[in-house]
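Novice: Can you read through this structure? Questions will come right after.
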Amino acid sequence: MVRLPLQCLFWGFFLTAVHSEPATACGEKQYPVNSLCCDLCPPGQKLVNDCTEVSKTECQSCGKGEFLSTWNREKYCHEHRYCNPNLGLRIQSEGTLNTDTTCVCVEGQHCTSHTCESCTPHSLCLPGFGVKQIATGLLDTVCEPCPLGFFSNVSSAFEKCHRWTSCERKGLVEQHVGTNKTDVVCGFQSRMRTLVVIPVTMGVLFAVLLVSACIRNITKKRQAKALHPTAERQDPVETIDPEDFPGPHPPPPVQETLCWCQPVAQEDGKESRISVQERE
């Protein structure tokens, strides 16, 4: 009694497995619906209605600001990505019906993740470090320590380590050794320094003496003009010999003198004019 129902159940499963209908095999751009193979909607379109025995798959284009990038059976389109400038993003390429908007970081920043949802400023290489790889929109700056013989004295996202200055090539001597943050300090040799300083000092002294002499000469000329003004031009005095006239000769005029026996200057031309009148 118990074995009969079990045997019936076993044979029922066996017959069902043997006579089951094979699964519907659809193409790459199709999908199965009720034993039918319906066409997928192309990129840029969404599914409205599945196909039937009498109609094909019904699709509709995505709206403005939407897209679908693959063959699909989606009921809704995806919205274009928004490039938020407050997060350091800008649009690299506008989205279409079948492509999404592409965002990149603004100049001087890079993505914080592989999805580039936000950006952050490039790192600076501190003094003592140089830029090994300049940052891009996706990757940050890569820094490396300056090796022996090189230095970097700035914080920069672009500057590499610079080689120490060669004092020997410039004909100088090294006065201070360079570090990874400072360059070598070069200077003149002691003898060379003397040869340079002496001519420069003599040139400066000569210039000072020349200027002093010029100033002294100009001062003397001004003082001489102030003490000896130009004498006024005087009329010539006619000299008359008394022996040229007959008769008694009058006594010679007495010349007046001032204190300290200085003669009084006669007024120009009077005596000569009187003598001429008497002669006439």
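Using the three backbone atoms N, Cα and C, a Cβ is placed for every residue, glycine included.
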Novice: Can you tell which of Cys26, Cys51 is bonded to Cys37 by a disulfide, based on Swiss-Prot?
Specialist: Cys26
Novice: Name the cysteine that pairs with Cys143 in a disulphide bond per Swiss-Prot, restricting the answer to Cys125, Cys146, Cys161.
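Specialist: Between Cys143 and one of Cys125, Cys146, Cys161, Swiss-Prot records a disulfide, namely with Cys125.
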Novice: Identify which of Cys51, Cys59, Cys77 is listed by Swiss-Prot as the disulfide partner of Cys62.
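Specialist: Record-based pairing for Cys62: Cys77.
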Novice: Taking Cα atoms as reference points, rank the disulfide-bonded residues Cys41, Cys51, Cys59, Cys116, Cys125 by distance from Cys105 (disulfide bond) and give the first.
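Specialist: For Cys105 (disulfide bond), the closest Cα among Cys41, Cys51, Cys59, Cys116, Cys125 is found at Cys116.
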Novice: Count the other Cβ atoms sitting within 10 Å of the Cβ of Cys83 (disulfide bond), across every protein chain shown.
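Specialist: For Cys83 (disulfide bond), the count of other Cβ atoms within 10 Å is 18.
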Novice: Taking only the Cα atoms, work out how far Cys38 (disulfide bond) lies from Cys103 (disulfide bond), in Å, as a whole number.
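Specialist: Cys38 (disulfide bond) to Cys103 (disulfide bond), Cα-Cα distance: 36 Å.
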